[in-house]
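> Copied straight from Swiss-Prot:
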- 26-267: domain 'ABC transporter' (DOMAIN)
- Gly58, Pro59, Ser60, Gly61, Cys62, Gly63, Lys64, Ser65: ATP binding site (BINDING)
Amino acid sequence: MISVNPSTSNLEKLDLHNLPAEQTALDIKNLDLYYGEDQALYDISMRIPNNRVTAFIGPSGCGKSTLLRCINRMNDLVEICRIEGQIDMHGHNIYGKNVDVASLRRRVGMVFQRPNPFPKSIYENVVYGLRLQGVKDKRVLDEAVETSLRGAALWDEVKDRLNASAFSLSGGQQQRLVIARSIAIEPEILLLDEPTSALDPISTLTIEELITDLKDKYTVVIVTHNMQQAARVSDQTAFLYMGKLIEYADTDTLFTTPSEKQTEDYITGRYG
């Protein structure tokens with residue numbers, strides 16, 4: 001049996017299928033995705049609540065990361081990719097005709113599997129996005145660096161060496177730096193694509209504790225191949241299989257009393 005973090009199971013239960021608009025960060029409606037003639041996602045519909053951690057789980061190739069990348073339109077970069085359906089972010093379709101994709105990606109931060117700091121100092125990594133936005137005031141930048149590094153639980157470890165190369169940090173520290181860089185531009189939503197898969201157990205635990213803290217300010221969506229991790233950090237979990245959303249429920253419900261046999265088979269290790 002997979003144990004669920006008590007802090008998540010004690011949260012108010014939400015009716016995920018009838019979530020009020022004011023509690024909904026993302027409303028995914030009848031989403032289909034194709035790579036050329038091959039369909040990768042099939043009629044995905046789900047509502048992701050504000051200021052909660054939502055996990056996408058499922059076997060390799062099930063569509064977890066593909067769905068995640070729809071949320072900030074990273075799939076636009078794939079020439080043969082075509083999307084039908086829509087995703088509303090706080091009531092506005094992010095696939096609408098007049099959407100500024102660059103602006104959308106400022107509102108939706110993303111952290112990938114492997115830490116990808118820029119070849120710059122720790123300080124310059126954090127302020128990179130702010131500089132792109134035209135922020136030049138050193139006081140504003142300094143405050144953003146401290147606030148973001150504190151938010152990523154890294155400030156105390158690097159405050160005396162902000163001008164050191166980001167590459168001088170450990171893997172776990174680099175991943176927290178990337179998170180700090182993402183939150184420096186104050187996104188509304190933070191996407192994490194298997195953020196601990198390349199890290200050691202101690203660094204993984206630090207990131208997991210950070211994820212739990214981040215939901216105080218952000219809506220967090222995490223893709224993970226690790227079911228135990230999903231149970232530890234998430235409030236809701238969506239199980240995908242072969243591009244289809246099989247089940248979406250509060251994490252403790254999905255892991256203890258799943259309603260679909262496919263879900264039960266997966267979490268008990270019968271396949272996947």
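Backbone N, Cα and C define each Cβ position, glycine as well.
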> Cβ neighbours within 10 Å, counted over all protein chains: which one of the binding-site residues Pro59, Gly63 has the most?
Gly63
> Look at each of the binding-site residues, Ser60, Ser65, and point out the one with the fewest other Cβ atoms around it within 10 Å.
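The binding-site residues Ser60, Ser65 were compared, and Ser60 has the fewest Cβ atoms within 10 Å.
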> For Cys62 (ATP binding site), which residues of its chain lie six or more apart in sequence with Cβ-Cβ distance below 8 Å?
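Listed in sequence order: Leu240, Tyr241, Met242, Gly243.
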> What are the other residues, in sequence order, whose C-beta lies within 8 angstroms of the center of the C-beta atoms of Gly58, Pro59, Ser60, Gly61, Cys62, Gly63, Lys64, Ser65 at the ATP site?
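Going along the sequence, the neighbours appear as Thr66, Leu240, Tyr241.
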> How would DSSP class Ser60 (ATP binding site) in three states?
coil
> Which of Gly58, Gly61 (the binding-site residues) has the most other Cβ atoms within 10 Å?
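Of Gly58, Gly61, the one with the most crowded Cβ is Gly58.
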> 10 Å Cβ neighbour count around Lys64 (ATP binding site)?
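There are 23 of them.
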> Compute the average pLDDT of the predicted model within the domain 'ABC transporter' (26-267).
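The predicted confidence over the domain 'ABC transporter' (26-267), as a mean pLDDT, is 96.
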